[in-house]
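Asks: If you scroll down you'll find the structure; I have some questions about it.
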Amino acid sequence: MNPFQKNESKETLFSPVSTEEVRPRPLSLPKKPPPKICGSNYPLSIAFIVVNEFCERFSYYGMKAVLTLYFLYFLHWSEDTSTSIYHAFSSLCYFTPILGAAIADSWLGKFKTIIYLSLVYVLGHVVKSLGALPIIGGQMVHTVLSLVGLSLIALGTGGIKPCVAAFGGDQFEEKHAKERTRYFSVFYLSINAGSLISTFITPMLRGDVQCFGEDCYALAFGVPGLLMVIALVVFTMGSKIYRKPPPEGNIVTQVAKCIWFAISNRFNNRSGDIPKRQHWLDWAAEKYPKQLIMDVKALTRVLFLYIPLPMFWALLDQQGSRWTLQATRMNGNLGFFVLQPDQMQVLNPLLVLIFIPLFDLVIYRLVSKCGINFSSLRKMAVGMILASLAFAVAAAVEIKINRMTPLQPGPQEIFLKALNLADDEVKVTVLGDENNTLLEESIRSFQKMPRYAQLHLKTKSQDFHFYLKYRNLSVYTKHSMEEKNWYSLIILEDGKTISSMMVKDEENKTTNGMTAIRFVNTLHKEVNISLGTDISLSVGEDYGVSAYTTVQSGEYPVVHCRTEDKNFSLNMGLLDPGTAYLFVIINSTNHDPQAWKMENIPTNKLSIAWQLPQYALVTAGEVMFSVTGLEFSYSQAPSSMKSVLQAAWLLTVAVGNIIVLVVAQFSGLVQWAEFILFSCLLLVVCLIFSIMGYYYAPTKPEDLQEPADKQIPPTQGNMINLETKKTKL
């Protein structure tokens with residue numbers, strides 16, 4: 001803050017009050033201008049604010065990118081519960097800005113509010129990272145730490161959201177309005193840069209780094225926490241050069257009180273003897289200025305159009321939940337790079353940076369030259385249609401995934417596959433309890449069976465008889481199997497005869513783009529296998545079978561193994577993402593033991609690139625809806641109501657996330673049907689919004705100007721029009 005300004009305020013505060021004439025003061029020295037960036041009109045203080053915003057957005061979006069998979073695979077919640085908690089957190093992040101604005105405008109001021117709530121923000125990251133450490137407590141401890149950490153993060157990020165952008169605007173003098181406009185463009189660019197980089201990096205920290213033998217969620221949450229610490233330190237470094245306006249009252253509170261007084265006053269004077277008034281807000285005239293009432297009237301006309309908007313946000317915000325879960329069932333191998341499921345979210349900020357200038361400089365101008373009146377409300381309606389189409393495409397992709405996914409055994413069903421480890425062909429016949437033939441096939445030595453055979457049970461569990469014909473030998477054996485399971489019948493060579501064992505295949509562990517592997521050891525000694533720095537397992541001798549182990553996909557040319565008297569290595573080759581492999585360790589006459597590989601569960605054939613059209617559609621819809629919506633609504637309300645509009649806009653986002661929460665918990669629909677439901681709901685809402693827009697009479701800018709002698713002192717709110725600055729990028 002300017003020291004000369006401080007002295008001037010003190011001088012005014014202690015000036016004598018007297019009826020006598022006060023001697024004229026000497027001329028005061030001119031105020032010292034704040035330091036500028038390289039001789040320009042940009043104050044140096046905004047550099048600290050922009051860097052702070054970049055780090056904070058990196059922190060928030062980086063943490064949020066891996067949140068759904070953390071719920072699903074670390075806390076072992078269901079997909080519906082993971083989606084619900086994700087959107088509950090997102091909703092809370094858009095409710096708390098109202099609290100942050102009230103604290104800043106009515107009590108602490110923007111600077112102190114940012115400092116104090118950033119400390120809460122950092123604490124939330126610390127608690128969240130601790131909750132992701134497997135060595136700390138059990139399931140209940142992890143859940144409690146996670147929910148407490150997310151609550152603190154929501155309070156921190158939401159509380160500072162309305163303050164940081166506005167505080168940057170406070171650093172400019174009124175004569176530098178053009179520079180202030182450009183600052184908001186750079187500020188928005190820093191938001192997208194932080195989001196773009198973090199949503200690409202943090203999934204790599206989660207998936208490519210192993211902690212305690214599994215995905216490193218603690219690191220994926222810890223690095224964003226570190227960025228938030230850096231954001232706080234950088235912001236504090238500029239403390240001495242900031243302009244820090246004192247709190248001036250919150251216009252949102254004034255508007256709420258005015259509306260409440262009008263409603264209560266009308267209710268208290270509902271007698272027929274009392275004359276009616278032209279507008280229901282006129283009942284606030286006994287307490288509030290006429291100009292404030294006129295501004296609130298103009299505000300309510302715009303807020304009426306906000307009623308259908310939450311449904312759009314309900315669709316848009318599912319990129320981090322339902323669409324990420326969809327990506328886990330797709331093949332992320334692009335040939336030159338393996339894309340993690342949660343990295344697909346990077347498309348949104350990337351496409352936003354491409355689409356904003358594309359729409360502003362090309363598409364809108366072409367539409368205008370064609371003589372089409374592409375009004376703001378029409379743009380918003382088209383944005384809704386594009387988002388609806390995006391979810392229709394997502395439903396089509398989901399149906400395609402389901403068709404390519406192996407069937408799951410249902411009630412009184414099992415899936416069976418035979419693996420012949422003998423040195424010659426074996427004919428396998430499966431007999432029912434009445435000696436009826438259920439399955440018959442000949443299997444060559446080490447033949448890779450393409451699929452499981454489906455068998456039906458009469459009860460939940462049933463004994464099956466197996467007739468194995470090997471050369472001139474016939475072997476009968478019996479195995480019991482339970483419904484809804486996968487089984488592998490492993491045929492073993494035992495000297496001159498054969499035997500068999502039944503192995504229960506665990507459920508598919510190939511989610512999250514990972515690879516599941518298991519081993520069968522035909523050696524006469526136990527084998528210790530090292531799959532990396534944190535993953536090792538032991539396989540018993542004489543046809544010991546290991547459990548499934550989840551590893552990263554990729555090349556495994558050298559896997560170190562050890563027996564009690566020998567060290568050797570296995571070449572496992574390329575492991576595709578989303579695949580379950582069975583490796584049989586066998587002796588080789590002239591070389592070390594080798595690994596024979598077979599796919600138990602085939603790879604996800606549908607490429608993750610098929611999600612690109614739905615991301616492109618929903619991002620185009622976001623650009624047309626979000627940017628245009630705020631630009632339109634701000635042009636239709638008085639300048640004193642801008643912060644109220646921003647608060648209402650954030651509330652529509654919060655309500656949209658609540659809609660997703662409710663549908664995820666109570667709809668009970670399969671995923672593709674849920675996508676269709678959201679698509680249809682948004683189309684219905686778009687129709688309602690179009691009808692509302694058709695009867696809406698736009699307010700001309702000159703109608704919002706009031707005479708200078710009737711203006712009420714404007715209250716400086718925190719809710720700065722950040723989103724509208726996107727068009728100036």
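Cβ atoms here come from the backbone N, Cα and C positions, even for glycine.
Curation does not apply to TrEMBL; its annotations are automatic.
The region 'Disordered' annotation in TrEMBL covers 1-29. Under the heading transmembrane segment, TrEMBL lists 58-78, 84-104, 116-137, 143-164, 185-205, 217-235, 298-316, 346-367, 379-397, 644-663, 675-697.
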Asks: Which one, 58-78, 84-104, 185-205, 346-367, 379-397, has the most C-beta pairs under 8 Å toward the transmembrane segment (116-137)?
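Replies: The stretch with the most close Cβ contacts to the transmembrane segment (116-137) is 58-78.
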Asks: Can you say which of 58-78, 84-104, 217-235, 346-367, 644-663 has the most Cβ pairs under 8 Å with the transmembrane segment (298-316)?
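Replies: Answer is 644-663, with the largest number of Cβ pairs below 8 Å.
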Asks: Are the transmembrane segment (185-205) and the transmembrane segment (58-78) near each other by the rule of at least 3 C-beta pairs under 8 angstroms (pairs 6 or more apart)?
Replies: yes
Asks: Looking at 143-164, 185-205, 217-235, 379-397, 644-663, which one has the highest count of Cβ pairs under 8 angstroms to the transmembrane segment (346-367)?
Replies: 185-205
Asks: Taking the transmembrane segment (379-397) as the reference, which of 84-104, 185-205, 644-663, 675-697 gives the largest number of Cβ pairs under 8 angstroms?
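Replies: Per the Cβ under 8 Å count, 675-697.
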Asks: Are there residues at least 6 beyond the ends of the transmembrane segment (644-663) whose Cβ is under 8 Å from a Cβ of it, and what are they?
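Replies: Same-chain contacts beyond the ends: 83-84, 87-88, 90-95, 97-98, 101, 161-162, 251-252, 255, 299, 302-303, 306, 309-318, 321, 629-630, 633-634, 637, 674, 677-678, 717, 719-721, 723.
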Asks: Would you mind listing the long-range same-chain contacts of the transmembrane segment (143-164), meaning Cβ under 8 Å and 6+ residues beyond its ends?
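Replies: Sequence-distant neighbours of the transmembrane segment (143-164): 49, 52-53, 56, 60, 63, 70, 75, 89, 92-97, 99-101, 103-104, 110, 113-114, 117-118, 120-132, 136-137, 643, 646-647, 650, 717-720.
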Asks: Using a Cβ cut-off under 8 Å, which residues of the same chain at least 6 positions beyond either end of the transmembrane segment (84-104) come close to it?
Replies: 64, 67-68, 71, 77, 110, 113, 117, 150-151, 153-155, 157-163, 247, 250, 252-253, 317, 320-321, 643, 647, 650-651, 653-655, 657-658, 660-661, 664-665, 717-719
